[in-house]
Amino acid sequence: MRIDILTLFPEMFQGPFNHSILKRAQENNLLQIDTINIRDFSQNKHHTVDDTPYGGGAGMVMGPEPLFECFDHLKAKNAGQVGRVIMMCPQGEPFTQEYAKELAREENLVIVCGHYEGIDERVREVLVTDEISIGDYVLTGGELPAMVVVDAVARMIPGVLGETASAEEDSFYNGLLEHPHFTKPREYRGYEVPEILLSGHHGNIRKWRRRQSLLRTLERRPELLKDVELSKEDKKVLLELQNLLLSLNLKQMK
């Protein structure tokens with residue numbers, strides 16, 4: 001996969017993309033990330049990319065010229081192929097694990113990082129295919145959200161994590177929150193690892209992890225359960241857990 005990131009601050013991406021999983025993915029030719037400075041395509045001597053908004057108002061708006069020129073450059077470089085074009089913005093569609101899996105199936109992505117008050121609407125109407133938000137809050141620019149999207153998408157590319165099971169056990173991959181993890185030592189300051197994880201019985205361990213995943217989701221993000229495909233055993237376990245939590249709540253109220 002190739003991801004082109006259009007930004008006013010390409011240096012912001014050097015650290016996050018040159019460490020850990022993303023670094024290995026690029027070294028193994030599973031992922032290519034190119035950052036492109038929008039200012040390089042400004043048509044004036046001062047390399048400015050913004051101007052005051054028509055109709056008045058506070059702040060500055062990123063103009064269409066440098067972004068359209070930037071896309072012309074990308075098309076020329078990639079034989080007319082740019083792939084899906086994502087604009088990071090607060091009013092976009094919420095970014096989810098399912099969205100990340102969908103984007104990971106693409107060969108090419110372009111991510112546009114806005115700044116200032118916003119981007120000229122003509123860019124959105126003509127060039128952009130997807131608008132994505134990582135949450136109901138406003139950030140200074142689209143760079144940090146772009147990093148989130150790249151990291152989440154990269155994890156879904158086959159081979160990036162080494163083992164597919166590692167990605168499939170992540171929270172949200174199958175709609176549920178992830179089960180707890182433990183490592184050595186077996187006992188630390190009186191806190192012990194659950195005995196079942198030391199049993200070597202893989203079937204029982206798998207059931208325990210599934211139960212813990214259902215419990216965490218029920219306690220912390222119950223709204224997720226309505227969209228999860230549950231087996232008969234899952235439904236049985238959920239009913240037990242709901243009754244257990246109800247019983248505990250009633251005891252606390254007395």
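Here the Cβ of each residue, glycine as well, is placed from N, Cα and C on the backbone.
Swiss-Prot lists GLY114, ILE134, GLY135, ASP136, TYR137, VAL138, LEU139 with the feature S-adenosyl-L-methionine binding site.
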- Note on the structure: Cβ atoms other than its own within 10 Å of the Cβ of TYR137 (S-adenosyl-L-methionine binding site), all chains, total 7
- Item | Local Cβ density at GLY114 (S-adenosyl-L-methionine binding site) - other Cβ atoms counted within 10 Å | 26
- Looking only at ILE134, VAL138, LEU139, the binding-site residues on record, which one has the least crowded Cβ, with the fewest other Cβ atoms within 10 Å? VAL138
- Task: Would you count the other CB atoms within 10 A of the CB of GLY135 (S-adenosyl-L-methionine binding site), including those on all shown protein chains?
- Result: 11
- ASP136 (S-adenosyl-L-methionine binding site) has its Cβ surrounded, within 10 angstroms, by a count of other Cβ atoms equal to 7
- Task: Among GLY114, ILE134, GLY135, ASP136, TYR137, VAL138, LEU139, the annotated S-adenosyl-L-methionine contacts, find the widest CA pair distance and round it to a whole Å.
- Result: 16
